[in-house]
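Visitor: So Swiss-Prot has the following annotated:
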DISULFID  CYS31-CYS57  disulfide bond
DISULFID  CYS32-CYS75  disulfide bond
DISULFID  CYS103-CYS119  disulfide bond
REGION    89-131  region 'Disordered'
SIGNAL    1-23  signal peptide
Amino acid sequence: MAQSLALSLLILVLAFGIPGTQGSDGGAQDCCLKYSQRKIPAKVVRSYRKQEPSLGCSIPAILFLPRKRSQAELCADPKELWVQQLMQHLDKTPTPRKPVQGCRKDRGVPKNGKKGKGCKRTEQSQTPKGP
């Protein structure tokens with residue numbers, strides 16, 4: 001009796017404790033089931049991610065993330081030339097950074113005598129403190 005109880009507990013521990021038995025990442029994963037039939041314009045896309053069949057999805061795909069976060073991801077066939085070109089374009093395009101208000105060329109120099117938050121912090125970090 002004790003052996004069968006111990007064996008049952010061992011089976012339960014193994015069944016629930018081994019990664020991969022509940023899915024590739026331990027939870028639900030969004031997968032593309034089919035590809036978009038139309039070309040996706042670069043101006044509506046901010047980035048992309050790859051979907052691999054080895055990660056639990058049925059087809060390989062590129063999921064393009066739209067600029068508007070409220071819109072759904074767009075699925076495309078990674079073998080298509082336009083998809084590869086769009087991926088290369090996104091890889092080359094740097095993420096836009098907002099300039100610091102009130103500073104010139106991020107040097108910590110205030111514009112027209114105005115002190116901005118970024119300028120003050122930059123000046124403090126560049127000014128050596130000592131006797």
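Note that Cβ sites are derived from N, Cα and C of the backbone, with glycine treated the same way.
So where do these features actually land, and what's packed around them?
Guide: A coil conformation is recorded for CYS57 (disulfide bond) in the three-state DSSP classification, outside any helix or strand. CYS57 (disulfide bond) counts 17 other C-beta atoms within 10 Å of its own C-beta, drawing on all protein chains shown.
Cβ neighbour count for CYS75 (disulfide bond) (all protein chains, 10 Å cutoff from its Cβ): 20.
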Visitor: Taking each of the disulfide-bonded residues CYS31, CYS32 in turn and counting other Cβ atoms within 10 Å of its Cβ, which one has the fewest?
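Guide: Comparing Cβ neighbour counts within 10 Å for the disulfide-bonded residues CYS31, CYS32 gives CYS31.
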Visitor: Do you know offhand how many angstrom separate CYS75 (disulfide bond) and CYS57 (disulfide bond) by C-alpha?
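Guide: Their Cα atoms are separated by 13 Å.
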